[in-house]
Every structure is written in structure tokens, then in C-alpha cells.
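Chemist: Next up is a structure, given as C-alpha cells.
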Amino acid sequence: MAPKFGYWKVKGLVQPTRLLLEHLEETYEERAYDRNEIDAWSNDKFKLGLEFPNLPYYIDGDFKLTQSMAIIRYIADKHNMLGACPKERAEISMLEGAVLDIRMGVLRIAYNKEYETLKVDFLNKLPGRLKMFEDRLSNKTYLNGNCVTHPDFMLYDALDVVLYMDSQCLNEFPKLVSFKKCIEDLPQIKNYLNSSRYIKWPLQGWDATFGGGDTPPK
């Protein structure tokens, strides 16, 4: 039986997990709750046998998980993608945290009514954060070398999000531009991005000041 993956019908913090599943060509059944299905989720929430009921959830046979990072790490671990030794595993964990600094920075201001004001400070600091990844990729195809790991999909998603904040934010970072294109050119990712299953919008919940609503900005 295919694993079951549940979340809202938004990108949110689970888009990297979707990308990882697609890249691995994992068969999975996604339950994407739409904005008018809050009651449906409330009805399902305590019927799935989840120890800590929440979205996202991932049910793999009799093994049931919630929390986005636990889920993506579990899937990566099943495919021996968490590193071959303690140092490599620690580096991958470090990369997770570094990408999350960007993505969570967006989330901290995305729901605020003063988003346009707060965005200025975020974008002023963004080049410094992006430069660290640019330097990391100076002699690498992917963050951990020549093989894709789940932080690559986390970074791809973070770049996708910040480009909506400032479409010029990668202009000084050619390695990041190449990296983003490299991820998009992975065969399974290319197929997914062109499929009806791909969720382009919203980036956050529907009520977010930035990245919310039903349609992306033109």
C-alpha cells in the first residue's frame, strides 16, 4: 500500500518533501485539504491514529509521523540520503538549519499586516544569507557535492519563495541561478512541475499577507 501524505493544498513547509518524493519516484497518496476543508481535516484529525495529530502527516504502513522535518528526514533516510558518516550527517543537518533560517524568516513576516514594512529589513539581510549558499556551491553541483540530498529541495523551495518577494534577488548569485535550474531540470522534477499535481500557489496559508490568496501575483 502506498504511503499516505496529508497537508493543506498549499506549498508551505512541505513542498520540499513533495519534491523529494517526486525525485525518488516514490508512489504516494496525497490528501491535500483545500481552504474550504477545515471541517474535513477536523473530522480526520483524531481518526488517523497519529500520536501527535497535525498536518503534515505521513503514514507508511503502520508507521505514522507528523512534523515536516521528521517526515522529510525519514523519507531521505529510507533512501540512504542522510549521509554515510557522522560528519556528513552533521553537515546535512547544518544545511537544513541554514535553509530554514531563510524560509522561517519569510514565515515570520508573511502573516503580518505590516509585511511591506518588515520586508525591507528581510531583503536587506537576504544577500548575506544567499552569499553563504553561493559560496557553498562554488565547486559543487548540489549542496553536498554531486548527489542530491533533501536540503537541495529545501533550498530550491526557499529560492522560489524569495523570488516572489524580489524578482531580482538572485541577480548577483549566478551559482544559485544555475542550481535552481539544475533542480528544475531533474527529469522527475521537470515532470512534476509540469503536472496537474504541482501546487504553484499559495506559498503559505491562504490568509497570509504575502504568499496567500488563491492566485499568484502577475
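Yeah, the Cβs are placed from backbone N, Cα and C, and that goes for glycine too.
Below are the features I grabbed from Swiss-Prot:
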BINDING   Tyr7, Trp8, Trp41, Ser42, Asn43, Asp44, Lys45, Asn54, Leu55, Gln67, Ser68  glutathione binding site
BINDING   Tyr111  substrate binding site
DOMAIN    1-83  domain 'GST N-terminal'
DOMAIN    85-203  domain 'GST C-terminal'
Chemist: If the glutathione binders are Tyr7, Trp8, Trp41, Ser42, Asn43, Asp44, Lys45, Asn54, Leu55, Gln67, Ser68 per the record, what's the largest distance between their Cα atoms, in Å?
Modeler: 21
Chemist: Counting only residues 6+ away in sequence within the same chain, which have a CB under 8 Å from the CB of Lys45 (glutathione binding site)?
Modeler: Pro53
Chemist: Determine, to the nearest whole angstrom, how far the Cα atom of Asn43 (glutathione binding site) is from the Cα atom of the residue listed as 'substrate binding site'.
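Modeler: Per the Cα atoms, Asn43 (glutathione binding site) and the residue listed as 'substrate binding site' stand 26 Å apart.
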Chemist: DSSP-wise, what's the residue breakdown of the domain 'GST C-terminal' (85-203) into helix, strand and coil?
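Modeler: Counts, helix then strand then coil: 84 helix, 2 strand, 33 coil.
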Chemist: Take the C-alpha atoms of Leu55 (glutathione binding site) and Tyr111 (substrate binding site) and report the distance between them in angstrom, rounded.
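Modeler: For Leu55 (glutathione binding site) versus Tyr111 (substrate binding site), the Cα atoms are 18 Å apart.
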Chemist: Provide the number of Cβ atoms within 10 Å of the Cβ of Trp41 (glutathione binding site), excluding the reference atom itself.
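Modeler: Counting Cβ neighbours of Trp41 (glutathione binding site) within 10 Å gives 17.
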Chemist: As a quick check of your reading of DSSP, tell me how many residues in the domain 'GST N-terminal' (1-83) are helical, how many are strand and how many are coil.
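Modeler: Residue counts in helix, strand and coil order: 31 helix, 18 strand, 34 coil.
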Chemist: If you count the C-beta atoms lying within 10 Å of each candidate's C-beta, which of the binding-site residues Asn43, Ser68 ends up with the smallest number?
Modeler: Asn43
